[in-house]
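Per TrEMBL, the feature domain 'J' maps to 343-413. According to TrEMBL, the feature repeat 'TPR' maps to 28-61, 172-205, 218-251, 256-289, 290-323.
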Amino acid sequence: KMATENCDAMNMDPDADLLSDEELEREAEGFKEQGNAFYIKKDYAEAFNYYTKAIDMCPKNASYYGNRAATLMMLCRYREALEDSQQAVRLDNTFVKVKNTEAILEYERMAEIGFDKRDYRMVVFCMDRALDSAPACHKFKILKAECLALLGRYPEAQAVASDILRMDSTNADALYVRGLCLYYEDCIDKAVQFFVQALRMAPDHDKARLACRNAKALKAKKEEGNKAFKDGNFEAAYDLYSDALTIDPNNIKTNAKLYCNRATVGSKLNKLEQAIEDCTKAIKLDETYIKAYLRRAQCYMDTEQYEEAVRDYEKVYQTEHTKEHKHLLKNAQLELKKSKRKDYYKVLGVDKNATEDEIKKAYRKRALLHHPDRHSGASTEVQKEEEKKFKEVGEAFSVLSDPKKKSRYDSGQDLEDDGMNMGDFDANNIFKAFFGGPGGFSFEGKLCCDVFRIYSSLHI
């Protein structure tokens, strides 16, 4: 302990004038010791009272001001703590506690700026540093816990709040933080219970009131959207999910689900690109959200973006090894393989479920359209391009008109690997066989007129 100085009893009670300097010092030391006892018990209010009595007895003792400054820090009264620390330095320039107080005030200032800028990591850092010097400060603990919740570090935030509630079960700030964690974990009903309890303890708790209102509004809007979806009212469901997303941008888990729900509705409305975008937003909020990956993968399949679909299904299968996910991945890989071959259905301009008659009709149209004789007067480049297309049309027809070849093609098998060399056929022979007639086909004479009459009737 620092050496005591002569006590100034100028403003003391008249009865104290009868006490000698030595007696004043002894009584002041007694008050200080009582203050120390209460400080150890963390009864900072009583410790403050006894340190104040000691100062009243001996106002020139630096250690008394230092002890009271430490108590004021525990009570989060930092401005007053700084004043006591500065007074201690004036009385004894070797006194160093003032540095801690100044540092705490600076960390508090930086934390306020960080919170306003939504830089919650900075706030947590500042509060950790401040708590090194003021470990019992509930104000700092609550601010740290709130920012941990906003960062999605819910177990840590819950632990801090629970520690405070063990010492004070009526602490409204701690109850608010517990509710905030539950709210952000999408346990809205339980969260509301904590917010209501916090408001009972502190009716003017603005943050608890706002969070309670947001929680109720979010739950109601989400349920309205779910009902509209189940009723088949997709446009209304889309709008309701959109409204829900505007309520609280900080609620990461719930908003991820809302984006995924809106993506599901979007796919029903054939808004596939928007659905993909919503799934991407959901995944950005929650990288472990399997449902969003599955929804996006299906949208990629529907838009024939097979490489992207394979990537998402691989991510899902790596996370959850199920038969269903394995099947989805294999199917996407097959479609990707098929997409790298010639699309014979696209060459003929027919759907993949086209009937035999539809395939024949499509071939007739395309073969007449691209037959080399029809473009004999065109430039060399045009003739080569049309000849190429004519050959592709014949190749497509030779596969899709043959049930065996068509089956192998549809299943993703490589036809050339099965001994079916597509380079062996002659497109002209297929054309002749299809249109019939001895001596082949010509765009000259009467047959030319017949062909153009047929061609015109097909409205190509």
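Every residue gets a Cβ built from N, Cα and C, even glycine.
Caution: TrEMBL annotation is automatic and unverified by curators.
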State the non-local partners of the repeat 'TPR' (290-323) in its own chain: residues 6+ outside its ends, Cβ under 8 Å from one of its Cβ atoms.
256, 259-260, 263-264, 267, 272-273, 275-276, 279-280, 282-283, 329, 332-333, 335-336, 339
Which residue counts does DSSP yield for the repeat 'TPR' (256-289) in the helix, strand and coil classes, in that order?
27 helix, 0 strand, 7 coil
Would you list the DSSP helix, strand and coil counts for the residues of the repeat 'TPR' (172-205)?
27 helix, 0 strand, 7 coil
Chain residues in Cβ proximity to the repeat 'TPR' (172-205) (below 8 Å; excluding those fewer than six residues from its ends, i.e. six or more beyond):
138, 142, 145-146, 149-150, 152, 154, 157-158, 160-162, 164-165, 211-212, 214-216, 218-219, 250-254, 257
Over the repeat 'TPR' (256-289), what is the model's average pLDDT?
96
